[in-house]
Amino acid sequence: MKLNAEFFIRLIGLRDAYTRGHTERGVFYAQLIGKELGLTSQEIELLKLGGYIHDVGKVAIPDVILLKPAKLTPEEYEIMKLHVELGYEMVKDLEIPWESLEVLLYHQEKYDGTGYPFGKKGEEIPLLARIYTIADSFEAMTTRRIYKRAKSWNEALKELEELAGKQFDPDIVPYAVRALSRIRALPLGENNCPLEIEKIRWSFYYLDSITGAVKGDLFLPTLRAFIEKGEPFCLTLFDIYNLLEFNRKHGWEEGNRVLKKLVEAINIQCCSAVDVKDVIIKLMKQDILDLTSSVIFRIGGDEFAVIAPYIPPQEKVINVVRTMEEHGVKIKFFQMQFPYTFTKYEEVLEVLRNFMKKEGKKGI
């Protein structure tokens with residue numbers, strides 16, 4: 001069993017560092033709940049192995065879905081749900097006890113029958129799977145992702161109680177709350193995925209291939225993270241407001257070249273020299289505390305946002321505008337400074353939406 005567990009930890013860790021940490025913490029929480037319930041040592045081992053393999057099917061999910069930093073679309077969610085059946089197909093012929101396989105097969109089922117893939121309910125769901133569902137969900141609640149904040153320990157415990165009889169077995173929840181109340185959050189597990197592989201993989205999804213800026217998917221989550229950090233920073237928005245006219249006159253290829261030139265100009269005037277792939281790694285790991293460089297996001301067809309942990313001198317921003325005028329395009333920009341001109345995420349979001357609306361854009 002130990003060899004099997006170690007194999008799956010390494011396999012998952014190489015595919016997605018977050019999933020590895022999620023699995024290790026989930027297994028730890030499941031053990032605590034199982035012991036509180038009075039499971040035998042053999043049952044605990046079966047539960048642990050089931051936890052180690054429960055998400056192995058995610059290695060077959062495309063990066064564009066698995067690593068997405070925002071809520072999945074209904075279509076993407078349907079693909080993500082396949083990880084259960086894919087995982088079972090991957091391991092069903094290995095020497096893994098059926099009780100552990102049941103954890104894999106049924107960990108997404110809900111007590112009220114609204115889960116997947118089979119829609120089982122109540123005690124139709126095997127005991128070990130009912131236990132692991134609670135541990136798995138609790139881990140997700142208390143772990144921060146780029147697109148959501150982590151719930152506090154007490155908030156998560158309260159949610160377990162609120163979902164008793166709906167998502168979770170109401171007879172197990174009191175034991176889970178008692179067991180989990182005695183501890184606090186665990187650190188992320190060690191990431192065995194080589195850094196260069198992570199850079200390539202995440203950059204493939206989050207790096208805009210035309211301009212070299214970070215894709216807009218990461219903009220709002222990063223903005224929220226900077227606000228939550230609580231330290232001063234500056235937000236600058238650049239808009240090429242005559243790009244459509246420019247493209248009609250000079251062609252789309254020339255328009256793409258101009259977009260790239262804008263990012264180059266922003267980098268020269270407003271940003272320190274940094275590998276954007278390193279920046280993406282920091283953003284994905286929520287490691288903004290050590291982020292000392294500006295980050296350029298392409299948030300629309302011709303709009304770019306720059307989040308900087310310092311205020312770029314006004315003349316530097318104006319130099320960007322003048323540089324782009326030499327290339328035949330017109331630039332508008334505005335700056336906001338936290339916590340001087342805004343203090344809340346909703347405030348800056350409203351300003352951004354109004355700006356986009358004013359300029360005839362679709363908005364963010």
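Every residue, even glycine, has its Cβ placed from backbone N, Cα and C.
Note that the coordinates shown come from a computational prediction; the quantities given were computed from them, not determined experimentally.
If you look up Swiss-Prot, you'll see 1-192 marked as domain 'HD-GYP'. Among the features that Swiss-Prot reports, domain 'GGDEF' is placed at 231-364.
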Rounded mean pLDDT for the residues that make up the domain 'HD-GYP' (1-192): 88
DSSP residue counts for the domain 'GGDEF' (231-364), split into helix, strand and coil: 66 helix, 26 strand, 42 coil
